[in-house]
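Asker: So that we are looking at the same thing, I have put the structure below in structure tokens.
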Amino acid sequence: MAFDHPQVCSFLILFIFQAMKLFSSLPLQMSLYFNAFFFPCWWLSEVVMLQLKYPVLQDYYKFILITILIVMTIIEIIRLYLGYTGNLQEKVPELAGFWLLTLLLQLPLVLFLLFNEGILIQPLERSVHIVLALFLIFQVLSAFFALRLMVRQLEGRFHLQQFDACLSLCAFGRRRRSGGV
């Protein structure tokens, strides 16, 4: 199929080049990688500190802290999987799920553990919570920008497919009118 206008050809070349680019976020991937190694250290320090201060905690804080530890462990495993899958394979739903789990569940739980003085925060806990909170804040920001870039790229691919379908229909109509079907 030959194109009559050089502007259409340059437009298509630009879109094809854009469609071939990778839009995975290297900063997000590095953050996920280091977070995967840091989380077991965080979990171990949290379990040790919980065991040490368990006898002096109030009953409702005992229940809350154990529940938070279990919930955060489950969420973190799911969150890291979704982050790796969504970022490396450029899947928007997985990356959006990662972003939502981070923003709506993990970050508030870590901030609760970091700023609630009723749970008798120890220096080790404060330091590991600060590191985890920094990881989460960075991941929320970098995942947002990666999502925005991926959505724009997918939108461009969609428009290119629509444009290609329109050109195919036009070419089919021209061939039909000239009797070459």
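Every residue, even glycine, has its Cβ placed from backbone N, Cα and C.
Reproduced below are the annotations present in TrEMBL:
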TRANSMEM  7-26  transmembrane segment
TRANSMEM  64-84  transmembrane segment
TRANSMEM  96-115  transmembrane segment
TRANSMEM  127-151  transmembrane segment
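Let's see these features in context: how buried, what's close, how far.
Answerer: Away from its own ends, the transmembrane segment (96-115) comes close to residues 68, 71-72, 75-76, 78-79, 82-83, 86-87, 121, 125-126, 129-130, 132-133, 136-137, 139-140, 143-144, 147 of its chain (Cβ-Cβ under 8 Å, at least six residues beyond either end).
Below 8 angstroms of C-beta separation, residues 23-25, 27-28, 31-32, 34-35, 38-39, 41-42, 45-46, 83, 87, 90, 92, 95-96, 98-99, 102-103, 106-107, 110-111, 113-114, 121 of the same chain, each at least six residues beyond the ends of the transmembrane segment (127-151), sit close to that stretch.
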